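Structure record follows, encoded as structure tokens.
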Amino acid sequence: MEYNFTTIEKKWQKFWKDNQSFKTVSKPTDKKYYVLEMFPYPSGKMHMGHVSNYTIADSIARYYKLLGYDILHPMGWDAFGMPAENAAIEHKTHPAEWTLKNIANMKDQLNLLGYSYDWDREVTTCLPDYYKWGQWFILKMYEKGLLYRKGGDVNWCDHCNTVLANEQVTPEGTCWRCDGEVTKKKLEQWYIKVTDYAEQLDADLKLLEGYWPDNVIAMQKNWIGRSVGAYINFNLDDGKAFPIFTTRPDTIYGVTYMAIAWNYDGLLDMCTTEQKSAVEEFIKKSAKIDQKTDYEKEGVFTGRYVVNPFNGEKAPLYAANFVLAEYGSGAVMAVPAHDQRDFEFAKKYNIPVKVVIQNADNSLKAENMTEAYTEDGTVVNSDILNGLSSRDAIKRAIEYATEKGFGKEKVQYKLRDWLISRQRYWGNPLPFVHCEKCGVVPVPESELPITLPMDIEFTVGDNPLKKSESFVNTTCPKCGGKARRETDTMDTFTCSSWYYARYTDAHNNQMPFDPSAANAWLGVDQYIGGIEHACMHLLYSRFWYKFMRDIGLVKGDEPFNRLLTQGMVLANSYESRELKKFYTQEQMNNKEYEKDGIKKEDIIVKMEKMSKSKANGIDPAEIIELFGADAVRIFVMFVAPPEKDKEWSDEGVKGSSRFLNRIWNLFLKYKDEEAFKNGKSFDYNNLSKEGQKLFRKYNKTIKKVTIDIKDRFHFNTAIAALMELLNDMSVIKLANNDDYAMFKEVIRGYLILLNPIAPHMTEELYQILNFGKMILEERWVEHDEQYCKDDTFELVFQVNGKIRDRVEADVNISEDDAKAQALASEKVKAFTDGKNIVKVVYVKGKLVNIVVK
């Protein structure tokens, strides 16, 4: 019987769909498991990165189902966003039409892989039944004082024609989505006050240690940026207060200048008349840089001085492009001797350097310094702090400032409030109106959802919503007068920050979800997605969960109990640097580079993340058609551990296909043998030696596969163990009825062990071989520890360190017997006869080495 994967896979996919095989129970038992992968943006085409991510999740879900858990494994669509709007402009189609068509296409593609999704719980963020509740949450945040509107400098992408949050600007100063240049622009924007939760977000990372990757925790910790220091009230030379935040009050006597952010509110009012125009020019220049990038640190003197409260000294005040207006007070004290950035700035503008922390050999002198001394040491030239260690001086300086009333200890965070305004159409509308009489007024909950208008003209440029009179013109909910609807839509991360909770009660039209349903399933037991979301989606989701907790919708403190960040899928890229052109694998095979006048040796070959731009993407649908879904699933799970990058290889997926064919052919070989069909039970003691050996190997394989999956999700080593077992199964000669019954049990267990990864073929074989239930209804096989220990082992015989024979020996063999067997071996004697035996060495459980001359 031929292994026709196309027919088999279609059969089981139809069966699972028709029988609602993966429908979630409404009320799980205590034995529940919620596995979730980050839902995709519906671009219309699935890529191998999706396949890798979703196969990991599906294998985990199927494994836990076999363990007897109630499973929640849903799927949905992160469906708002700019690509749909850009497609509307390009293809003259509405974003909704484009998006829903893409969803249908991607859903069909996902189903080709046999994933165990409960499609009854599908959510689509661009549909009103979902985004209504996003608006509801925003109103609740507004009520609690967590949502506000303010003007200020924002990150602006001209290409996308919208605002970007700080997290959406790359370290290179470009847009995270389009790689376009990011500039500064002044706008009135909506913000969520995530800083109110900074302390919790930081402290609760401890709850995730051991369950989330260390690097993700470190990235979030750094992004939140908790630092303990002091607020010190300096004064301007006219007596006005000038507070600064510092983490190094031990260096306060070393301040030789002060720096204030170039975009500090009221900066120009601080400047002297003589310096105002210079500062204005500097502000214009600074607006063009991105403080995330590596740029030249510059400043300009404001004409003003600031008085140090510790010693009364005056320090010049500079406007500087490296100071963040949003951090601390927007101004910093500069200590050039002990901060490298301050040192470089001081050297550039000829500002004095004053040593106040001395090293161990007392050798620091300001005039000899070529770089700042940033280590701890002993405080000098600092009056009340002299002689103290740096750490003790920090405490003493804070105590002194507190006693004198010009300072206090302060915990500061780098985390900024979440800017959620977007000047685009295809997003969730903000539920507010602007009334000339009443100002900004929230829309009543009874009027939700505020739906997007359909009479929209899509052009490159300004926000299309502003041009829709039917949308913009409305009445004020407060006074009934004329009002204009808010035309900013929300950052799409507001949609993805709570979707995991909606899955627990996906069709509730009275509230976002029933708390009892949410608390039965949450937190998510296993969340899977890319590390690129560490400081955006994952941080925002943690904030949103805490907010939902605080308004009584969920219990607990964290949404995701365990996180796996899967590796990328890589493939060879082929680039002509000369032409700045990438070739596909097929074009390379056809030598199309020759038509461009390029030699093969001039093509740069790199293993890189699959992408359209690098022309190295692989279409999963094509591979499934060639080799089947199970072969693709096995390849992506076998090629590397889930957290590591996976290198695509045509040979690799062919190898997975051969593996499945071997299983198919071997297992069906016994289908019609009477001893196999009649095999029911067996006695281990009646098994042949080969049979006993295979049964022990089977039990050891169960143990290894279970540990590899449950403890580490290392499906790659689990598959390797199953391949080893298959090799042993392929060569055994079954000697009696007990052997056949044992072999039948091994086949049954083998199919269950492989089922989470290759569900179609294993289920088909399970039925053909008449094992009764479907695997879907079975339970995971368990090993018997007594059969995980070998009765025998392979004893190696060496002569002068070279292997000359191997025998099977009893595990309890004595040293004398082992040596005697070695000396009696005919293969050994061929190398020892006629020679002088110097010594015989026995290494217990491994080998005998005979040394001869």
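Any Cβ shown, glycine's included, is placed from N, Cα and C.
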Stretch carrying motif ''KMSKS' region' according to Swiss-Prot (options 404-408, 459-463, 609-613): 609-613
Which listed span Swiss-Prot calls motif ''HIGH' region', if the choices are 40-50, 271-281, 370-380: 40-50
Distant-in-sequence neighbours of the motif ''KMSKS' region' (609-613), which means Cβ under 8 A and at least six residues beyond its ends: 47-49, 568-571, 582, 648
Number of Cβ atoms other than its own within 10 Å, given for K612 (ATP binding site): 10
